[in-house]
Amino acid sequence: MTTRRTGRAEKTLRETTAMPTADHRAAPGITLACALEEWAGEDARRRDVAATLNALAAGTIQIARAIAEGPLAGDLARTLSSGEAGEGQKALDIISNDMVIDALRKAPVAAVASEENDAPVLLDPEAPLLVAIDPLDGSSNIDTDISVGTIFAVFPHQDGTDAASVTAFLQNGRDMLAGGYVIYGPHTALMLTVGAGTWHFALDRDGSFRLVNAAVRVKEDAAEFAINMSNYHHWDDPIRAYVDDCLAGRKGPREREFNMRWVASMVADAHRIFQRGGIYLYPGDGRKGYTHGRLRLLYEAFPVAFLMEQAQGSAIDGRSSILDLSATGVHQRVPFIFGSRDEVARAARYHLEPSGHGERSPLFARRGLFI
């Protein structure tokens, strides 16, 4: 039986994996299992994390195969019910949830907190780890054949907590032991961090994830932003001002042209940012139920923020680092801004310096393209 370890041992693990090191730079082309084995060595906790990540990978490979069948497997986009997180559940949402939870039954995981379940699903109450997961991000895109994904975070199961309770999952972002996502697109890719940099894997024809890059870096600056413009009239002034200044192009305070992107699948937007930089914004707004945005802290914002920081990017809630937050609920929502470090810092200044909207000159301080 796997023994749960907490306290100083966990803190030491986080300290020793906080930054990328040459020892963890696995060779391109090796499998995920081999890369994790090299990283874990003889450390018992790391081996538990590695086993859990391998199980997650196995579950996502099943999901990839189901997605590849498309309409041949039936109407995967049909809405079956209203999910516990407050959104309609598609058939593929439920299929994906079952696949990853079944895969994790073979791993040292005490419980799983999923977007598709109200309460955590208990697996092995004595196991040392917890998993928080969005089994299928972007499921509104299923019937249009646009990229969707699976997002996950691995946390320690702290001593004295009931794995079946919500309380066990109410941890700080810095407590995360691993985070990542799988994107199902033209090819299936895995972005993963265990605190030793951000690793990029691609799924080969034989069903193995193989390493593409063990040192992913997000460009510090890029003239591309992703936001749902249809919500413009619901946003607070700092977000409107930031977007207005981007859209003003060379004639505005930014003095450069910007492109806008929006896929309605966070993993797709995140994957583009890892490849070529940019910024993603899903702020809170004035709509009922959207004061704190739409994205979930525990199983969406936390893992993507971990990946971003490990790739020299940044992730904030508008003012503070996402990873400095502590969850207060399994399905807690949070405003989420992430991407190129310099651009995220600039967006933060629009919140922190509202009177001048960051670096705006007086000419633009009270001007907007739509007001």
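Using N, Cα and C of the backbone, Cβ positions are placed for all residues, glycine too.
Source: prediction; values computed, not measured.
Swiss-Prot names D134, L136 for binding Mg(2+) 1. Of E115, E116, E126, the residue it gives for the same site is E115. Summary of the site annotation: Swiss-Prot records Mg(2+) 2 binding at D134, D137. Screening the candidates E300, E309, E343 against this entry identifies E300 as the one listed for that site. The annotation in Swiss-Prot ties D137, G138, S139, S140, Y280, L281, Y282 to substrate, and of the candidates under consideration, N97, N213, N228, the one tied to the same site is N228.
Looking only at the binding-site residues L136, L281, the densest Cβ neighbourhood within 10 Å occurs at L136.
Long-range C-beta contacts of E300 (Mg(2+) 2 binding site), restricted to its own chain and to partners at least six residues apart, with a cutoff below 8 Å, comprise D134, D137, I151, M266, F336.
Apart from the site residues E115, D134, L136, the chain places the Cβ of D93, S96, N97, S114, E116, I133, P135, D137, S139, T150, I151, Y299, E300 no farther than 8 Å from the centroid of the site's Cβ atoms, the recorded Mg(2+) 1 location. On the backbone, the CA of Y280 (substrate binding site) and the CA of L136 (Mg(2+) 1 binding site) stand 19 Å apart.
For the recorded Mg(2+) 2 site, residues D134, D137, E300 set the reference point as the centre of their Cβ atoms, and the other residues of that chain within 8 Å of it by Cβ are E115, I133, L136, G149, T150, I151, Y181, M266, V267, L295, R296, Y299.
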